[in-house]
Each structure stands twice: as C-alpha cells, then as structure tokens.
Ligand code: THU
C-alpha cells in the first residue's frame, strides 16, 4: 500500500492524538506519561500510551503500544508517527527498541514528530532516527 503524503497540518493533528493518548498512560513508577499516534497507509490512526509494570523491565513504551494496536487491527504499513511527552521540558525521542520496531513497518522517509507540546516539536524521519537499517529481506 502506498504511503500517504502528510501535510504539516496532518502531523499536528496526529500530535494532538498522541497528546490525548498520553492522558491514558499507566506510569505510576516513572510518572512520565507518553502518548503515540501512528497514521497507517490505509488512512487510519492508531494510538498508544506507555504501560508500566511493578516488574520494571516489562514496561511497554507508547510507540510500541500504538504499533502493536495497528498490527492487531490489520495495518502493517505506516505513513507518519507522532510522540507526545507532555511532562518533559524538551523533546524526548523514541527509545532504541521502538526505533527498531517502527522501522519494521515504515520506510526511512516516514515523518516522525516528537515533543512536549505543539510549539516545541522535533520533526525528523525514521531513517534519521535509525540509520544503517538492514535485513528487511528476511521478511520476504
Ligand atoms: N517511554 C515511552 O513510552 N516512550 C519513549 O519514547 C521514551 C520512554 C516511557 C517508558 C517509561 O514508562 C517512561 O517513559 C520513562 O522512561
């Protein structure tokens, strides 16, 4: 499926969806809510929040929650990603595990925005976040 060409306005809408998702964050340990919203190539938007656990290593980040929601609903190609970290005072980028997972489902030119608020967003791409990506032929 072809990627959707995403306008700045659409990225801002996606960021607002990520902000909304962060309100559902289950983060009693870090008290650091995160929300993510993913526009898939079929035009749907899937959201996710971080979900922590008293066994700390079992925490699932917002980005992977959103991505796994998308795959569970049959959407496996992504067009844009937004990540909201409303309690940070600077834009917090996705962790290494999430970068690996997002690149499973999106090309390098997929736009990604992240930040604490709409006035303080970093706009980048999957390729910038995850250079030297490889081994996609294993899925063929
Ligand atoms: N977290 C995310 O959900 N996504 C990120 O990009 C960075 C970190 C979560 C994990 C944990 O629940 C909390 O933020 C603090 O690390």
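Placement of Cβ uses the backbone N, Cα and C atoms for every residue, glycine included.
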Site-mate of 95, 98 for Zn(2+) in TrEMBL, selected among 49, 61: 61
Neighbourhood of residue 63 (active site, proton donor), C-beta criterion under 8 angstroms, separation at least six: 34, 36, 48, 81, 83, 94, 95, 98, 101, 102
CB within-chain contacts under 8 A for residue 61 (Zn(2+) binding site), separation at least 6: 34, 36, 50, 94, 95, 97, 98
Residue 95 (Zn(2+) binding site), number of other Cβ atoms within 10 Å: 14
